[in-house]
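J.: One structure, as structure tokens, below. Some questions next.
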Amino acid sequence: MDSATAFREAFRSSKHIVVIAGAGLSAASGIPTFRDGGGMWRSLSATALATPEAFEANPSLVWQFYHYRRTKCLEAKPNSAHQVVAKMSLPAQLRKVAPEAKSFHLITQNVDRLSVDTLNALVNVEASPSSSTADTPTGDKPTDKKPQKRPVFPNSILEMHGPIFDVRCTACDHCEEDRTDPLCPALGAANASFANYTDAGTKEINIPLADLPRCRACGALARPGVVWFGEKPYYLDEINSIVYKADMCLVIGTSSTVRPASTYAYRVQRHGGKVAVFNLDPSEKDEQADFVFRGGCESVLPSLFPELA
Ligand SMILES: [Zn+2]
């Protein structure tokens, strides 16, 4: 039996499926990866840009960098790997390839929202306009045009590093998603002067504090709503119980040697579950995985799961 057939068979009998995703999932959408070849942190300093201390020391530089990344994320389109994984969140779709599936979760380290946007597009089905009520004399929306929603596994996507579009207050608890681009005129002008991520993370523009994004609730300085190095990722308790229950773990686009993917996959295996690794580059712990698939996940996943492509 070849490994694709063996994997599909194991997947078919699994009940609690979890996907651990990293930057490789979004690479084909043009979002740069971090540490591997061409990775963003090769030319930029994570400690100067992605820590609470960095923001404290130079909020302008940190905002420039995150604002540039936001703009790139807003321009990015989901790829076919996002599609396959998003369809797994729909019980009717997942059961085509895993008939006994009882739960599905995507634990993603990505902040680009592409998985969430893909799933939302699948879940919200536009009701077809009914001819009898399409033209109401009052101009009110006919009630039967209310969008229908496809059933979805509950809380199926956990963005452990937050979404990059969240703007969080540094003083109060206020946090909101804001996809306005630019977020403020000063950051828009800064964006226009950057040719690439390295520019955005190194050019000293020195935007005054008053011209950086402010909290809509209290007016204090706001920060990007992502989780930085040294901060606690979101949903750790939920993730622990998901991993504890999982009998099938797909590690997609993240090195299986880097925490937390390595610990989660190991824990699934330790209680008898299977682990499948999907990555461009080999990594040390691949040999511990039950299945390893090399190549871009945007082509490997649709070929393994044509039912979900
Ligand atoms: Zn506030």
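Using the three backbone atoms N, Cα and C, a Cβ is placed for every residue, glycine included.
TrEMBL annotations: computationally assigned, not manually curated.
Here's the feature list from TrEMBL:
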DOMAIN    1-309  domain 'Deacetylase sirtuin-type'
REGION    127-152  region 'Disordered'
COMPBIAS  127-137  compositional bias 'Low complexity'
ACT_SITE  HIS161  active site, proton acceptor
BINDING   CYS169, CYS172, CYS215, CYS218  Zn(2+) binding site
J.: Is any of HIS161, CYS215, CYS218 (recorded positions) within Cβ reach of ligand 1, i.e. under 6 A, and which?
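T.: Cβ < 6 Å from ligand 1, in sequence order: CYS215, CYS218.
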J.: Looking only at C-alpha atoms, tell me how far the residue listed as 'active site, proton acceptor' is from CYS169 (Zn(2+) binding site), rounded to the nearest Å.
T.: 17
J.: Would you identify the secondary structure of CYS169 (Zn(2+) binding site) according to DSSP, in three states?
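T.: Once the DSSP labels are grouped into three classes, CYS169 (Zn(2+) binding site) ends up as strand.
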J.: Quick one: mean pLDDT on the domain 'Deacetylase sirtuin-type' (1-309)?
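T.: Result for the domain 'Deacetylase sirtuin-type' (1-309): average pLDDT 90.
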J.: Just name the winner among CYS169, CYS172, CYS218 (the binding-site residues) by count of other CB atoms within 10 A of its CB.
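T.: Selected residue: CYS169.
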J.: Once CYS169, CYS172, CYS215, CYS218 are set aside, which residues in the chain still have Cβ within 8 Å of the Cβ centroid of the Zn(2+) site?
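T.: Other same-chain residues near the Zn(2+) site: THR170, ALA171, ASP173, HIS174, ARG216, ALA217, GLY219, ALA220, ALA222.
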J.: What residues, ordered by sequence, lie under 8 A Cβ-to-Cβ from CYS215 (Zn(2+) binding site) and sit at least six positions away in the same chain?
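T.: Set apart from CYS215 (Zn(2+) binding site) by at least 6 residues yet with Cβ under 8 Å, we have VAL167, CYS169, THR170, ALA171, CYS172, HIS174, LEU221, ALA222.
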